[in-house]
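Sharing a structure here in structure tokens format.
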């Protein structure tokens, strides 16, 4: 997808690997100035070599105070991609307080915090903007051992709608992308059992999982003016799974 983001500044969380990393690369190639946020410094070092000129920020978004310190003075942002997330696989009866708190602090609370910072600045500057929350199809369907992750993504669905309603009058659009399994490092955890992965893939009408590029293209579309009247919804990148 050929889009031009020249003159715009984007912030991408979870930028070190997978979907976030490729989103940074695509935005950089499309002319945007990009702030890349992740907690692993080595990922930022290698990403900066691939994308000269990006602004790397190393912070654990699960730490509220550290995030405030790292991003509180980040400056104007026109495009935000909330991609940071983690998966802790446990059945319901074995979910620990630590796993629950960690999952919600990274997968959901950080979306609140970073979005508040960015949206307040957009409003103060009187400029439109676009926010994309990277969710999952498990916001809508259940999978074994993903109850905590699914709960964070289900909550993100309502957060996206509420943000769109409240920020819409300020010309700030908010949407989500909801992919099926994407074979990133995180996605491979879900599909580690070959037999489970085979059966799961067969339940997708297109008989495939999503490629990282598929998700990135949907993110870019929602960030761009080509989706100027789209807000409060989500794009399913699920190879038809929910339709089945």
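Every residue, even glycine, has its Cβ placed from backbone N, Cα and C.
According to Swiss-Prot, the protein carries these features:
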BINDING   11-39  NADP(+) binding site
MOD_RES   42  phosphoserine
BINDING   136  substrate binding site
ACT_SITE  149  active site, proton acceptor
MOD_RES   176  phosphoserine
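Distances, neighbours, how buried they are, the whole picture for these features please.
Under the three-state DSSP scheme, residue 39 (NADP(+) binding site) falls in the coil class. Within the same chain, the residues at least 6 positions away from residue 39 (NADP(+) binding site) whose Cβ sits under 8 Å from its Cβ are 16, 58, 59, 60, 61, listed in sequence order.
Under 8 Å, Cβ to Cβ, and six or more positions away along its own chain, residue 42 (phosphoserine) finds no residue.
Less than 8 angstroms from the CB of residue 136 (substrate binding site) sit 149, 150, 153, 178, 179, each of them six or more residues away in the same chain. Reduced to three states, the DSSP call for residue 136 (substrate binding site) is coil.
In the three-state DSSP scheme, residue 149 (active site, proton acceptor) is classed as helix.
Under DSSP, residue 176 (phosphoserine) is assigned to a strand (E or B) in the three-state scheme.
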Far apart in sequence but close in space: which same-chain residues, 6 or more away, have a Cβ under 8 Å from residue 11 (NADP(+) binding site)?
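Expected: 34, 35, 37, 71, 74, 77, 79, 80, 81, 114, 118.
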